[in-house]
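Q: Here you go, one structure.
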Amino acid sequence: MITLLDYGAGNVRSVRNAIRKLGFTVKDVTCAADIVAADKLVFPGVGSFGTVMERLIRDGYDKALQERIRLNRPLLGICVALQALFDGSEESPGVPGLGVIPGMIRRFATPGLSVPQIGWNGILPKKDSPLLADYKGEKLYFVHSYHAEVDDNCDDWLLATTCYGSEFVSAVEKGNVTAFQFHPEKSGRVGLAILNNFLCRQEGLAVSGVPSRVEKGGTTSLAKRIIACLDVRSNDAGDLVVTKGDQYDVREQGEVRNLGKPVDLARRYYEAGADEITFLNITGFRDFPLEDQPMLEVLKRTSENVFVPLTIGGGIRSFTAADGRYYSALDVASEYFRSGADKISIGSDAVYEVERYLAEGVKSGTSAIEQISIVYGAQAVVISIDPRRVYVASPDDTPHAAIATRFPGPDGERYCWYQCTVQGGREGRDIDVVQLAQVCELLGAGEILLNCIDRDGTNSGFDLELIAQVKKAVHIPVIASSGAGRAEHFIEVFTATNADAALAAGIFHRHEVGIDEVKKAVADAGIEVRR
Ligand code: 1PR
């Protein structure tokens, strides 16, 4: 029996599912006394530092956690839970942490680094721990903008470090209390093995090595991610299917293409080594997702067997239902997080919000991006952009951010800008990708999913000019999407641009190229990937 501290701040379902998958029963904390009394406690940290601390304090859980740690009762903290053990965080100035480990949590500040760190990185163990007994240098999943600094004050707690810009604390342990900055529940097989070590460990047998000082040397690096994308919608028979468009047209001879079942395909890609799975509910802009229960069900069922991050997009916006009840975008996103999503992606609504911002020049404070990012953290908010090329003879012919292109337009135009669209490419708006990406970053988005209508489904390779333009314009990670046709296209996108991840759909669905084949080719080209 494992006790789970779910304080309603995010995706705790994945942790719950991972524990169950390992054969344990999960019991929820219902009051502060449970925290002290639990045999083994898992404390997943989801959301911003301030939100986590506020909820802990509200229920008196902060004091109970401090008491449990003082008593050296088995505790596993994950992500922000590691950060909460420190004195405070730059993320939420003035909000005190649990103060168990001396020191502050700082934002990644190395120039040129994508922040948040999203993806798979290694760890450098600094002492022996039964929890890391199976760790053989594999990569684990991290997602965070803030980190604990390596500092002499926390030497007796230091279990592992990771390099991203500088070296930071990625695991702490003292006695029976352990916390990881990475997500074991999202780190595939190796993550589950680490989690299993905590669940199986006997109280009192915890300390296996003598705390040692930080060893110099060794390094880790963040891998480029390979993401499988499932465009999902109902077909004409009313079944929810994975479909795939050619330049966003998903019909073939009048019928919606059916490439398989969402839950089955997601599992197939997980087992094939995908670093993340993205679901796009492509008709979400016209349906209300909370009434569109099949998508929630898809997430719930997928998260039972898929232990890498899941992103869901489509229809994330505020909505007034037929009965007059108002749902904020945050309500919609929360339902997705509770159903197993780690990140949500916003398409059309982001375009409308950026238009509003550009017209008024001030943040509304109520946009979907701001609301979700404040509660769940920037790393949980992805902006899905659906741009289309607009050719011009000269950059002076448009107020938009035009680039010189190697692929001239139909009338020989040598410049183009990328127009943002809404409603799955159906409607173009007077706004370009650079405006959209920059304002979304300002509003609190943590990642860009950069599609390209011109390349979608063409197998002709990613639009490198588009990706380079957007990547240069923002500091948050950018996922290159649309057009992958061969393994070499992934090498190309990682060599010619600084894209943090590359996403593909058609080639994987049609079994034309395997995820392992892509990863092998990328690794052979000397680019870091998770194998
Ligand atoms: O506007 O917030 O409701 O979100 C709708 C979401 O649905 C957006 O993320 C939008 O990109 C997506 N979407 C809408 N219509 C379509 C369509 O195809 N008709 N799919 C669509 C977008 C693009 C990629 C695709 C890559 C890779 N699909 O996700 O998977 O282009 O494909 P490829 O490797 O086969 O080239 P909202």
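A Cβ is built for glycine as well, from the same backbone N, Cα and C atoms used for every other residue.
TrEMBL feature annotations, pasted as is:
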DOMAIN    4-199  domain 'Glutamine amidotransferase'
ACT_SITE  C79  active site, nucleophile
ACT_SITE  H183  active site
ACT_SITE  E185  active site
Q: Going along the chain, which residues six or more apart from E185 (active site) have their CB under 8 A from its CB?
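A: For E185 (active site), the qualifying residues are S14, V15, N17, A18, P44, I78, G191, L192, L195, F307.
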Q: Tell me the Cα distance separating H183 (active site) from C79 (active site, nucleophile), rounded to the nearest angstrom.
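A: If we compare the Cα positions of C79 (active site, nucleophile) and H183 (active site), the gap is 6 Å.
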Q: Tell me whether H183 (active site) sits in a helix, a strand or coil according to DSSP.
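A: It is coil.
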Q: For C79 (active site, nucleophile), just count the other CB atoms lying within 10 A of its CB, please.
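A: So the Cβ neighbour count for C79 (active site, nucleophile) comes to 28.
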Q: Taking the Cβ of H183 (active site) as the centre, how many other Cβ atoms fall within a 10 Å radius?
A: 27
Q: Work out the three-state DSSP category of the residue listed as 'active site, nucleophile'.
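A: SS state of the residue listed as 'active site, nucleophile' = strand.
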